[in-house]
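Annotation comment: TrEMBL describes Thr17 as Mg(2+) binding site. Positions annotated as GTP binding site by TrEMBL: Gly39, Asn93, Lys94, Gln95, Asp96.
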Amino acid sequence: VLRSLAAEHVGRGLAPTEGFHAVCVGTGETRMEFLEIGGSECLRSYWKMYLPKVLLLIYVVDSADHARLPVAKQLLHQLVQNNPTLPVVVLANKQDLKGAYCITDIHDALALSDIGDERKMFLIGTHVAEDGSEISSSMKDAKELIAQLVLETQ
């Protein structure tokens, strides 16, 4: 997802992040640096190491993978429990797939209402289009929101 935001077009064979991936995303005159860390079990211990240094948490879930949403919920709640003001953007990705949960179902499955009233929190449905095409309008909206939030927290 972040690679698509950085390039503004979809590259070939984009797969879920394995390991670490540094990404620079530009919007107008603003350039933002992101560290994308994969969600596999062996990488999750790194999340808490980097979390105290972040201005914004972008949490990507697969809207079509219903079986993994309970784990995604548990992990998200663990990540934010010690920082009640950390802004969170949840990207409900793969909205274009048949059987993908809609935004309200994702909101409920992740129990986003329970995360706290003090933080800025956003849930955006996204999808990465086919190879070589321009990023979707939902991805452009997510990029603009992320840029605005990063500017506000600096």
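We count from 1, first residue shown onward.
Glycine is treated like the rest: Cβ placed from N, Cα and C.
Note: TrEMBL annotation is automatic and uncurated.
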Just to verify: the residue among Asn93, Gln95 with the fewest other Cβ atoms within 10 Å, which of the binding-site residues is it?
Gln95
Fewest neighbouring Cβ atoms within 10 Å: which of the binding-site residues Gly39, Lys94, Asp96?
Asp96
